[in-house]
């Protein structure tokens, strides 16, 4: 596969989230073991975008719903009535196949997800459905309710049409007016936490830090990070079992093409075995605090790549070389793997981590 010919649909169908100025760092001398020249484009600005199907359609319209807590049942009831003036996923025919999905955050697992039926061929769907959550009221008061509207695509590449989020801690449950149906304007996706709610499968991998691969030299030596991508499990079946998946690796903050390595593509399975090791050198001990390993899984189909999910393995501090960056957002499980690797040099540290939606940094030329 030629990188020049491929197109990542995630990048094409996404909107600019923010721009972060990068300060030059010592990671400019990172290089991969595949004989590529040293990396040189850490400095400059990097554009971050939402990958996948967030942001490829205009967000417009309103949703009508009401919430109530039924004490006798210890249940939250979300009455989803209707939407109006939604964006058209089918521009020619001016229609969508919308449905509504709800989550109680921060519970992003399947237990917290509910959704309505799909209403086809309309921009003004009527649902009149009650979505129920069995939950103690005291716990409910620590949650946020996220309602999002989606267009259901035939190939399950669903498109985001807008969302509303309610802070239930500040909600007045005794006010009867708060139990009435109310219209809310749909908003663009803003919170990265809500991007992670889809089940995107898992990756089985191992990491190793080799502090001084060439001992004996008088010059200060730098170490290597070895990344062994073993397999992925239960990838989202965008095209049934016809997935043709591969894994890309980038060491952030460098987003140049030279920083990227990738596995071969494995076809016709949602459980691909890669068994591929990537090596990056140029790591001083202090660089381990500032860098982040970004692993992304893609489905290659014809001339495009569809983003399936990813990991960001680092310390998750939110900063890199003194600059605030949105990609330093590792989950607790990802941080735990990186910490074990740093604290156990010359040892393979294995883990199976859930893939998630990522804010993808656009590859600079």
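The first residue you see is number 1, and the count goes up from there.
Using the three backbone atoms N, Cα and C, a Cβ is placed for every residue, glycine included.
Nobody curates TrEMBL annotations by hand; they come from automatic prediction.
Annotation source TrEMBL lists region 'Disordered' at 1-35. Under the heading compositional bias 'Low complexity', TrEMBL lists 24-35. Taken from TrEMBL, the feature domain 'C2' covers 59-184, 199-328.
With DSSP states grouped into helix (H, G, I), strand (E, B) and coil, the domain 'C2' (59-184) comes out at 14 helix, 63 strand, 49 coil. The residues of the domain 'C2' (199-328), classed with DSSP into helix (H, G, I), strand (E, B) and coil, number 7 helix, 73 strand, 50 coil.
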